[in-house]
């Protein structure tokens, strides 16, 4: 039976059902339905699906965080600061556990699915994934051949794995190895070079080979193709402009590092944000992703920051060797309704903003957006965004020079036009190198583009940027270590602080606990129960205090529990009886002298990945030095106390 239909009273409008007329609250239900219809018309009147893309970005961020929250905390963030801490000798529980591999992969996939909305990369997470696999394969290898675990060999594998992680992202084996060494190792054995290069070359070759098999490339080529002139890519007077560009990148990197570290610390200490991160991380992630997605909305503000371009398209457009400012001087290209792959530079032009306006607005907006994105607890890399940011700086400088010298620079009677793409390449290498305190970003720029014609100016720009950044700010990864309060030894710069004149006797810990061979077992038990030290210094006798070795707390407790009481008359058991019974003791192969300088002690700790060392004077144990004492000594030298 067909449903009866009537008309609204007093109108000749659309028919309504009798159920609607006689249902409860008809006016309220009609108002809600009308509001939804109005919202639907407004949304679809735009004609594009940007609302759904914005929602997709927010949902992917939430899913990415949910995977981390459900499976493990160690998969959040970049991973490079934690790896740097591990390579310095600190053990971080579960960080290299293979069970977190799946969570990291799924979380990183969701992060990358957000595209240019969150503007995050994958270098750091790829390094973490590579290190996870290397640690797992190392454990499998040692179990298969029956050898005990070798800490130094494991560190060698981890450094090689870090190189593979970088190489498989950019298909750049040389810069991948050098970048991993610069970022994660204070000392590196030349013997381990071949391991890193071999593994990184295999990874980069397979990465590019898969692109050929997938019909993305006809043959193995560079990741970002450029058309720079080979005969005269730059003129000699331009060297000054490249060095000035490096100085600008160094100054901006100092501002970025300071703001990023300050804001990250503010988020962790502020009452509202710290509570959100402690109890409602999904809410914080959703709010941050919503802010970034709203800014990058293309029909809105995103129109002026080329938000329709992917991260790869950002670099491809910025490396264009044609001057956009000169091309738009006499003509104004229309903004295409859809992205034009053949003319990506159209996204950087707006009739009211011009090329300079969009590039400057891009730099201003991305500066704080990158800082905000680093606080979202999700697997993400931060190298590629700062690489693109530096390319935009170089592009802006290059376009300004192209307008200032429209005919080019005359040198030796020959006029050579300025290529803004070369300045974008130098800016990308200089800014990313200054933020990470590395020089290998120059080589990375060459491997990415497949051209080395700008080798000298790019390297000079990177050196100038690093000279400024390393003088005033810690690197991005060191700053993250500081904010996260990870155990890590700070660097000593001997040219700034008198580390060679400060000796161990000035900062060593003199309140040490020793056990002597002639100490009665009752006294040994009191020492063990009253302290929580992991190791005890073993001396020859209570009177001489001659250091002979160290004893693990666990071994000593086990030996005390297993030692039966002696009933021999007149015999008092002492520690020597336990040692004779087979309790393991480690001989002291390395020790410090009170006259050892702070600089030498710091180098020993970094080179051998040590946690503590005893201090002896003429064989007598007089103190100990650990990371705590070293950090206090370095801090007092960097920030000396005010004179009384």
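From the backbone N, Cα and C atoms, a Cβ is placed for every residue, glycine too.
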Of 113-136, 329-352, 353-376, the range TrEMBL labels transmembrane segment: 353-376
TrEMBL annotation of transmembrane segment - which of the ranges 423-446, 471-494, 495-518 it falls on: 423-446
Secondary structure content, the domain 'CBS' (508-566) (per DSSP, counts of residues): 20 helix, 17 strand, 22 coil
Predicted model, mean pLDDT over the domain 'CBS' (508-566): 79
Close approaches to the transmembrane segment (239-263) from elsewhere in its chain (Cβ under 8 angstroms; 6 or more beyond its ends): 367-368, 370-372, 374-375, 386, 390, 393-394, 397, 401, 423, 426-427, 430-431, 434-435, 456-458, 460-469, 472-476, 479-480, 482-483
